[in-house]
Structure formats: C-alpha cells, structure tokens
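K.L.:
After the structure tokens below, expect a handful of questions from me.
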Amino acid sequence: TDKEGHNFSVCWVLASVVLGAIAMLCKEQGITVLGLNAVFDALVINKLNVLELIQKLLHKDKSLENAGLIRKGLLFRITLLMSGGASILYIRWRIMGTGPPAFTEVDNPASFADSLFVRAINYNYYYSLNAWLLLCPWWLCFDWSMGCIPLIKSVSDWRIIALAALWFCLIGLICQALCSKDSHKRRILTLGLGFLIIPFLPASNLFFRVGFVIAERVIYLPSIGYCILFTYGFSLLSKQAKKKKILAVAVLGILLINVMRCALRSSQWRSEEQLFRSALSVCPLNAKVHYNVGKNLADKGNQSAAIKYYREAVRLNPKYVHAMNNLGNILKERNELQEAEELLSLAVQIQPDFAAAWMNLGIVQNSLRRFEEAEQSYWTAIKHRKKYPDCYYNLGRLYADLNRHIDALNAWRNATVLKPEHSLAWNNMIILLDNTGNLAQAEAVGREALELIPNDHSLMFSLANVLGKSQKYKESEALFLKAIKANPNAASYHGNLAVLYHRWGNLDLAKKHYEVSLKLDPMAPGTKENYNLLRRKLEQLQKKDG
C-alpha cells in the first residue's frame, strides 16, 4: 500500500542519513552523499522534469503536484534528507569548537588574495585543473600547496584559456540538461552533472576556506558523475558512428591507459620515497615536496642529500620553519653550529611558539657553551609546549654540565613523569647519582626505571654498575649478563662485567670478558690497563703455585 511504501522509503532515508553521518566521520565530503541521494530520488525514481519545474516556479504556478515534486512523498523525503544533513553539520560544528580550522597562506594562496577578481579567477582555475585530472589523471601529486600552482594575477595569463574551456563545456552540458526535448537525455545529463558538482562543493571555497589548493581525494566522488557523462556520451556516439569498432577500440584504449596509470600510481604509494620523488616532476615549485624528500633521506641516514632538498625547500619558501628546523638539526649533528644557530633563530623569529625549534636552538647554544641563552631557549620551548619530556631531558643535561645536580635531577624527573619510558632521562639520573656517590638513591631509581622499562639493556647496565659498587655481586652479574644477551656487541658491557669479576675474585671469567671487550673495541678506555693488571696478577698466582 502507499502507507507501507511511505514508511519503507522513510526507513531508507533515515538509514541514508545515518550512513552519511558515518561517511562524514571518515571524511567530511561523505555528507554530500545526502545531496546525491536527493538528486537520484528526484531524477531517477520520480522522473522529475527539472525544466518544467523551473518554468512553473518562475511563473509562480501553484500546481507543483503535476511537476512531480510532492508526488510519492518526494518533497517529504528531500526535507528529511536536508534536516538530517543540517543536524549532522550542526553536531560537527559543535565538536569542532564552533569555529573553522585555521589555515595559512601557503595552504591555499588564492583564498588569502586581497582582490576578489584574483580569488575568483584562481578558484575557477583550480576547478579546471580538477576537471583535467578527471579527464587525464597524469599529473598526480600528494600535495599541491606551497607554490605548486602560481596565482593568476592578470587576464593576460595564458592559463585563462583553461577556465574558458571548462565553462564552455559546463554551460553546454547544463543547457542540454535543461533544454533538450529528450526527457531521458535531460535526466541522465542532470544526474551526471549533479553527481559531478554536488560532491565537489565542500572543496570549492564557495562556502568556506579549505586547507588545500587541489586534493585528489575530493574528486573520487565526482568521478561518479564523470563516468555517467562519459558513458552516456559514448552511447550517443556509438549510435551515430558508422565505424563502431574504431570507437570501441578507442574507449578500450582509454580504459587500458587509465588502468596502467592506476597501477603505476599504486606502486608509487607503496613507499614514501617513491611517492615523494614522483611529486618532484609534477610540482617542482612546491617547498613541501622538497621537504618531504629531504626528510625521507634524513630518516635513512643520507644527510648530505637531505641537506640539498631542505635548502631548496627553504629557498622556495623562506618562511618554511619546519624545513629550517630539520636543516638546523642536521647541521648541528655535523657540528656546523654557526649556520644551525642562524637557521633556528630565524625559525623562532618567524614562528615564536615553535617549541621544537626553541629546544634545538637551546641544544646548539649549549654546544657553543652559551649556557644562559641555552637555558632561556629550553624554558621558552617548555612555555609553548607544557608537556615536553625531551626538552626537560636536554635541560637536565645543561644543568649537569653546569654541576647543578639537583636541578638536573629535577629536570630528568619531570621528563620521566611526562614520559615514563624515557630511557635516557632514567639513565642519566642513575649515572649522576652513581657519580656523586648516592648509591642507594641510584639503586632505587634504577629499580624504578626497570619496572617501567624491563627490557632496556642500557638501564640494566647502569643499575648493574651501581649494584657492583654496592658489593651486590650476584645481582649485578645477573643484570650484566642480561644486558649482554640483549646487546652482545657492546664492549663496555663486557668490560664492566670483567671489572665486576675482577673485584669479586673470579679472575678467569674476568680475563674472558676483558678479552671480548678488547676484541670489540681495542681502544676502550681503561680496559687494556685493567686487563694488563689482571694478567700480571694471574702470572704472580701461577708462580706461587709453581
């Protein structure tokens, strides 16, 4: 019955709203599926005549029943979809803190242009590029921001042709969709255009500023409309073409080329290096592309090549603070401290709340023995990022260098409170307490650390040293052996275990581990002297026995 059909359709509309909400949780664009459903319902299910409806609305004809708007509950279902969409948007708006995300000029340069003309012309150029990527997905890039597409600033720019071509095609399709005498053609074209345009609207900059220039992900859903229009166009051509085989071969060729392109692009997404390098030829002016290639090389230990790409990123975008920070870090590790300080100082000058750059600047200043400035930089970093365990760790190292032992211990304790698995901070606490003769406190800290990080061999080694000095030889030996099992190639582990055996009187095992230590590191400080002392002692014992 009509009542059952009405209930049935309402259930599906509500299900659609719920699924649209779930889709939006995955990606904001998911909400546009509600608009697509409305278009599909109107054009395919209800066979709504859009041209007739527009004419009736223009002539203020109240007999909209004949136009199919209210027939079969269409108006009710569309109202339900719109209400559901509005509710989802409101909830999303509340969750986001009732404000849009903050974007910078490098994310979307056109939206920051002062001139309305420049904004409008560049938005339309972006639309034409998106349309081109649907037609010919050859220029694909993981990021299109940071100068990848220079702004069009005058009508003399040849790229204006792309805008004209886009609107020529769109206006032609819209005219056909509205004015064609063939009702089936009107519905198909309107459906295709609806599926092409509606999902793209959130990325159009029309309603709010978006944080990108082009994002390939936003044309996934519009590609449905493109496929509808392409298929319909092919069907019209096949009806009129005399040599249908040539047309079929051409379409199969296009399909094959796109499959090959898809396979190539999928292979590029298999690794960061391939993905980032593939963007260099598409967007050579994009500082972020060079930054990502440099970061990938730095992560693999190729610092010389990374420096080249970081420098290019900074050249392309002189305010790129993250590139400055990473380049400064590498130069710091290569002991090029002067340039590292200049870069990091510039980074914090451009972005005063950049906590990581403040910390790295502090490390460089510490290396340059400018301790007061280093301390100030560390505290500035902590001011901008309250929970910053690595900064507290570096601050502790500064205090240790200045023999401010209590301050150092407090800083390292803060680091371990914020990050209980901060092995280096625990280790430095144990070593400092050990070196200052606080063996009981060092042992307590070591045991606390090992409870939190039970498999850390460096902590085992540090605690074993403390226990050995406290003459807890058996427990110390067990920890040394456990540390050596975890890291058998550490010369110091074998050397210190040998010292323990030497003290304990187990001279044969001491000799064995001294030899292993010297084999791993012949230049190990103190080990050779201890080994020679042990050998003389063993020779004396042999003479006595003789």
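Placement of Cβ uses the backbone N, Cα and C atoms for every residue, glycine included.
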K.L.:
Suppose you had to name the range TrEMBL annotates as transmembrane segment; which of 6-26, 111-131 would you pick?
P.N.:
6-26
K.L.:
Determine which recorded stretch among 33-54, 74-91, 158-179, 246-264 has the most C-beta pairs below 8 angstroms with the transmembrane segment (191-212).
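P.N.:
The stretch I would name here is 33-54.
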K.L.:
Please list the DSSP helix, strand and coil residue counts for the repeat 'TPR' (287-320).
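P.N.:
Helix/strand/coil tally for the repeat 'TPR' (287-320): 27 helix, 0 strand, 7 coil.
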K.L.:
Could you tell me how many residues in the domain 'DUF1736' (99-171) are helical, how many are strand and how many are coil under DSSP?
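P.N.:
Summed by class, the stretch gives 36 helix, 0 strand, 37 coil.
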K.L.:
Who are the chain neighbours of the transmembrane segment (33-54) in space, where the CB to CB distance is under 8 Å and they lie at least 6 residues beyond its ends?
P.N.:
13, 16-17, 19-20, 23, 64, 67-69, 71-72, 74, 77-78, 81-82, 84-85, 177-179, 183, 186-187, 190-191, 194-195, 198-199, 201, 221, 224
